């Protein structure tokens, strides 16, 4: 999870997040190279009073500065499209979880099981136990199995929300009247925190998300206790 004075991403806990981190580094490298080239040209222009008359109307230069940006955009677009398709495509999910945003809490429904649904509210500060995280703990955590493909169906009952778990690379808008889909899969057991990432009213900051990813055996035991 995030910690104080953190300027980078959280550690990736899902394949999608790993791909997003690689894409971030790839894009940042291109931006750094372009910035270095621009600064170099500016420094040359400021340090010399000579005018290169041969390049003021050169067909070769115009060709280069037309083709080169197109190539750079392609180098950015191709991996981006690949990740978009990876995030959207899901075949035969092992589990489907429906998430509904409300002002100002989340409700969850395990669509593969009858009557397995609950609301998830932020735990008030006076009710926190030692070691709990302020503004991030909830009364009902979402328990999911690891190493399984999970389909998330996300919508809203009132206004726009956004269901976001940074470590898993998920940020999907919850829109009233629309059912959006996201893919969740991780091989790392742990507790992952997120929050609503769309300003949705006075208590927007009090809509935490807590996922508890456990091995399949413990998930089945949790189901037996809950159902």
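For all residues, glycine too, the Cβ spot is worked out from N, Cα and C.
A quick note: this is a predicted structure, and the numbers were derived from the prediction, not measured.
Swiss-Prot assigns the feature transmembrane segment to residues 15-45, out of the candidate ranges 15-45, 108-138. The Cu cation A1 site in Swiss-Prot is built from 196, 200, 207 plus one of 102, 161, namely 161.
Sitting within 8 Å of the Cβ centre of 196, 198, 200, 204, and not among those site residues for Cu cation A2, are the Cβ atoms of 101, 104, 159, 160, 161, 162, 197, 199, 201, 207. Between the alpha carbons (Cα) of residue 204 (Cu cation A2 binding site) and residue 218 (phosphotyrosine) lies a span of roughly 33 Å. Here the topological domain 'Mitochondrial intermembrane' (1-14) has, by DSSP, the following mix of helix, strand and coil residues: 0 helix, 0 strand, 14 coil.
Taking the binding-site residues 196, 200 in turn and counting surrounding C-beta atoms within 10 angstroms, the largest count is reached at 196. For the topological domain 'Mitochondrial intermembrane' (88-227), the DSSP counts in helix, strand and coil order read 21 helix, 61 strand, 58 coil. With a threshold of 8 Å between CB atoms, the same-chain residues lying at least 6 positions outside the transmembrane segment (60-87) that come near it are 15-16, 19-20, 22-23, 26-27, 30, 34, 169, 182-183.
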